[in-house]
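Straight from Swiss-Prot, the features:
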{"type": "REGION", "residues": "1-22", "note": "region 'Disordered'"}
{"type": "MOD_RES", "residues": "SER2", "note": "N-acetylserine"}
{"type": "MOD_RES", "residues": "ARG4", "note": "citrulline"}
{"type": "MOD_RES", "residues": "LYS6", "note": "N6-(2-hydroxyisobutyryl)lysine"}
{"type": "COMPBIAS", "residues": "7-19", "note": "compositional bias 'Basic residues'"}
{"type": "MOD_RES", "residues": "LYS10", "note": "N6-(beta-hydroxybutyryl)lysine"}
{"type": "MOD_RES", "residues": "LYS10", "note": "N6-(2-hydroxyisobutyryl)lysine"}
{"type": "CROSSLNK", "residues": "LYS14", "note": "ubiquitin cross-link"}
{"type": "CROSSLNK", "residues": "LYS16", "note": "ubiquitin cross-link"}
{"type": "MOD_RES", "residues": "LYS37", "note": "N6-crotonyllysine"}
{"type": "MOD_RES", "residues": "LYS75", "note": "N6-(2-hydroxyisobutyryl)lysine"}
{"type": "MOD_RES", "residues": "LYS76", "note": "N6-(2-hydroxyisobutyryl)lysine"}
{"type": "MOD_RES", "residues": "GLN105", "note": "N5-methylglutamine"}
{"type": "MOD_RES", "residues": "LYS119", "note": "N6-(2-hydroxyisobutyryl)lysine"}
{"type": "MOD_RES", "residues": "LYS119", "note": "N6-crotonyllysine"}
{"type": "CROSSLNK", "residues": "LYS120", "note": "ubiquitin cross-link"}
{"type": "MOD_RES", "residues": "LYS126", "note": "N6-crotonyllysine"}
Amino acid sequence: MSGRGKQGGKARAKAKSRSSRAGLQFPVGRVHRLLRKGNYSERVGAGAPVYLAAVLEYLTAEILELAGNAARDNKKTRIIPRHLQLAIRNDEELNKLLGRVTIAQGGVLPNIQAVLLPKKTESHHKAKGK
C-alpha cells in the first residue's frame, strides 16, 4: 500500500513560537539569530535568547511606562522623544544605565541654579512698632 500517504499517523501540532511559550512579546527567535550572527561566541544556549528577550522587554516596558506618565503630565496623548528624555533622566537607575546616551530631539531637564533665583525677602506683615 505504498503511495497512500500518512493516514493513521498523529497530526502535527500547530507551531508555537518560542516567544509565546515564554509569555513574551519580544521575538525570541530573532534575538537568537542575532546572537548567533553577532560573533559573540561559537555557541548560543537555548535559554540565552529567552532571557535576553525578557530583559529587553522589561526595560522597554519600564521606559514606556515612565514616558507615558510624562506625556500625561504634559496633557499629551502621544509619546515624543522629549517624554522619553524626561522619563529616563528623572529616574536614577535608568539615567545611570543610559547616562552616555543622547536622545535626538530630547532637550534637557529644566534646571535653574539656586544662586540665580531671586533672594527671599522678609514678609511685609511685620508687626509695627508701638
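Placed from the backbone N, Cα and C atoms, the Cβ positions cover glycine too.
Computed from a predicted structure; not experimentally measured.
Straight-line distance linking the Cα atoms of GLN105 (N5-methylglutamine) and LYS37 (N6-crotonyllysine), rounded to a whole number, equals 32 Å. Counting only same-chain residues 6+ beyond the ends of the compositional bias 'Basic residues' (7-19), those with a CB under 8 A from a CB of the stretch are 25-29, 32, 49-50, 53.
Secondary structure from DSSP puts LYS37 (N6-crotonyllysine) in a helix.
A distance of 17 Å separates the Cα atom of LYS16 (ubiquitin cross-link) from that of LYS10 (N6-(beta-hydroxybutyryl)lysine). Sequence-distant contacts of LYS75 (N6-(2-hydroxyisobutyryl)lysine), defined as residues of its own chain at least six apart whose C-beta falls under 8 angstroms from its C-beta, are absent. For the recorded positions shown (LYS16, LYS76), fewest C-beta neighbours within 10 angstroms: LYS16. For GLN105 (N5-methylglutamine), the count of additional Cβ atoms within 10 Å of its Cβ stands at 9 [all protein chains shown]. On a Cα basis, LYS14 (ubiquitin cross-link) lies 28 Å away from LYS37 (N6-crotonyllysine). LYS119 (N6-(2-hydroxyisobutyryl)lysine) sits 35 Å from LYS76 (N6-(2-hydroxyisobutyryl)lysine), taking the CA atoms of both as reference points. Secondary structure of the compositional bias 'Basic residues' (7-19), assigned with DSSP and counted as helix (H, G, I), strand (E, B) and coil, comes to 2 helix, 0 strand, 11 coil.
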